[in-house]
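Q: Encoded as structure tokens, here's the structure I'll be asking about.
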Amino acid sequence: MFPSLFRLVVFSKRYIFRSSQRLYTSLKQEQSRMSKIMEDLRSDYVPLIASIDVGTTSSRCILFNRWGQDVSKHQIEYSTSASKGKIGVSGLRRPSTAPARETPNAGDIKTSGKPIFSAEGYAIQETKFLKIEELDLDFHNEPTLKFPKPGWVECHPQKLLVNVVQCLASSLLSLQTINSERVANGLPPYKVICMGIANMRETTILWSRRTGKPIVNYGIVWNDTRTIKIVRDKWQNTSVDRQLQLRQKTGLPLLSTYFSCSKLRWFLDNEPLCTKAYEENDLMFGTVDTWLIYQLTKQKAFVSDVTNASRTGFMNLSTLKYDNELLEFWGIDKNLIHMPEIVSSSQYYGDFGIPDWIMEKLHDSPKTVLRDLVKRNLPIQGCLGDQSASMVGQLAYKPGAAKCTYGTGCFLLYNTGTKKLISQHGALTTLAFWFPHLQEYGGQKPELSKPHFALEGSVAVAGAVVQWLRDNLRLIDKSEDVGPIASTVPDSGGVVFVPAFSGLFAPYWDPDARATIMGMSQFTTASHIARAAVEGVCFQARAILKAMSSDAFGEGSKDRDFLEEISDVTYEKSPLSVLAVDGGMSRSNEVMQIQADILGPCVKVRRSPTAECTALGAAIAANMAFKDVNERPLWKDLHDVKKWVFYNGMEKNEQISPEAHPNLKIFRSESDDAERRKHWKYWEVAVERSKGWLKDIEGEHEQVLENFQ
């Protein structure tokens, strides 16, 4: 009796203590929230930052507040197959000759009879804040994204720009309505203070210095593979020593169709108009960031931030300048082409403006709000490539921190701080971010103001394998079903799925590999295959993270300071290690638990409280461009960002209530060590057997390579 009574007393005390803790935490959070509200009431306005995010399959504008919440937003999903339709979205005029059609009901959005899906395979429904792109006769009914040949991916430069303006106009119109309600209730209105940009990298656009318009009506997108012959010919005629020398300069394996260098060479070799403009010194080269900033600034700023410039294959990582040897390697005469100035990720680029040809297409309402913005000289002052922006938005600032974005593919970045590490294990070296105005403030190190580097690894197929299960095998009805179905079985039943539909990327780098499903038996079910598909993505993320850690403790072991910086966060060295995740597949608790189980107990998987990490990263970059910390509209420094975005205004050592950020979730491994190692061994064997598949197809190798991907 007495032991039971004793346990009851202990339990009651613990319950009361924990309840008191929760109450205290809740009161502190409410106090912090009310303090900020009172501060806002004493202000003439509440500051916001506009973030433009141009992705491979969609564009969006989000107006962020201090908590990293979207006060107003608008998104346009690109169409690739529609043939005609109205352009009423966000205020663009529809040409009188364009046939109009009624907008379908939400849930039944279709283009040419086919459902529309996001890059991660999720069904898209048109809402007030999200529109499906329809086509404009002014652009000959061409969509933003085109696939003219197998392996070819093109974007329409002017339509990219129009989509951005549409999204911004719609966000501002929504903000007008919100502000009217706030003023009526005695609250100060919101006000946009500055703008940042995040964009898909490597995509190459060429335009005329004289007219400011594209030389040809398409840009070559990052995942286009038309340059494979150029790349292979280059490397067959380049010594191994020279290849290593170029790798040291760029951090990139230039034996790849990814980077801008081979795309520029293709334009000059295959497009007479581009060749003519080049010979006449009228050719301007840029990636998407350069194109947008040039067109959207009154000053026609011709710049590229370091995170984008580092993906061209022309920039020297040591100098952060264009390198003559790299330009000469690709046969580019620097005197005949205009290259953008390489700048930091966080500085004033120019004042917001809109080209006249776009302004003429607008209806009165969007035209008015945009003109008001133009009159205010709103500064554009933050820019990051999408993966770097995601890293910043995940607050992965410390050396050794890692983030993984699960989209169509999977991109993992590992922060190496101010140290440039050239990978010996299949990863790329790239710029993470450069915020030059971050000075020592609030105990932060002054090194934060220096350029930061990262190791990067990419998985070719992530969300795309879920689409394949849905559309090709019809194992699932919706992409959201893959997690629950995979979790109906405790493991894959011996099945290993290597999703190498377009070869293997980091750390294997084998374009000749192809997808394989191994280990099936009569015991195998649809659930086993679904789980094996998810595990195939997660195993590749583990392989990349292990490769990056090997680099950090290999080359980095020569530098004691570097080891001390990463010792508390690096993979397989400390239980404090965290992999920050975002993107479509990260929404699934089941998928993220599988990822945590595969990584093991040394790595926690942390899902961000904000769904828009990439756009948030661009907003942070714009905020930090103000040199005076007291002029920064939302956050004084990076610690302040974490305080408000992750801890709801509380200090990080105070406990945060899960209710404050329901999407902030930590996944920890629940797997058995022996089982985890056994499944990893199965994976390694399966990968080896999937490699070189195309090489073994006699007489077909060269033709298949031409259509690779």
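For all residues, glycine too, the Cβ spot is worked out from N, Cα and C.
The substrate binding site annotation in Swiss-Prot covers T56, R201, Y258, D386. What Swiss-Prot records for R60, T408, G463, G584, M585, S586, R587, S588 is ATP binding site. Here Swiss-Prot flags 86-110 as region 'Disordered'.
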Q: Please report how many Å separate the Cα atom of G584 (ATP binding site) from that of D386 (substrate binding site), as a whole number.
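A: Given the Cα positions, G584 (ATP binding site) is 15 Å from D386 (substrate binding site).
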Q: Out of T56, R201, Y258, D386, give those binding-site residues positioned within 10 angstroms of G463 (ATP binding site), comparing C-alpha atoms, in sequence order.
A: none
Q: Whole-number answer please: how many Å between the C-alpha atoms of T56 (substrate binding site) and M585 (ATP binding site)?
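A: So the Cα of M585 (ATP binding site) lies 17 Å away from that of T56 (substrate binding site).
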Q: Largest pairwise Cα distance, Å, within the listed ATP binders R60, T408, G463, G584, M585, S586, R587, S588?
A: 23
Q: What is the interatomic distance between the Cα atoms of D386 (substrate binding site) and R60 (ATP binding site), given in whole Å?
A: 13
Q: Expressed to the nearest Å, what is the distance separating R60 (ATP binding site) and R201 (substrate binding site) at their Cα atoms?
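A: Computed Cα spacing between R60 (ATP binding site) and R201 (substrate binding site) is 16 Å.
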Q: Name the secondary structure element type, per DSSP in three states, that contains R60 (ATP binding site).
A: strand
Q: Near the Cβ of G463 (ATP binding site), how many other Cβ atoms are there if near means within 10 Å?
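A: Total other Cβ atoms inside 10 Å, all chains included: 24.
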Q: If you count Cβ atoms within 10 Å of each one, which of the binding-site residues T56, T408, S586, S588 comes out on top?
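A: For the binding-site residues T56, T408, S586, S588, the Cβ with the most other Cβ atoms within 10 Å is S586.
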Q: Within 8 Å of the Cβ centre of T56, R201, Y258, D386, which other residues of the chain have their Cβ, at the recorded substrate site?
A: N199, M200, E202, T203, W222, N223, R311, G385, Q387
Q: Quick one: pull the CA-CA distance for M585 (ATP binding site) versus R201 (substrate binding site), whole Å only.
A: 21
Q: Can you give the largest Cα to Cα distance in Å, as a whole number, for the residues T56, R201, Y258, D386 that bind substrate in the record?
A: 15
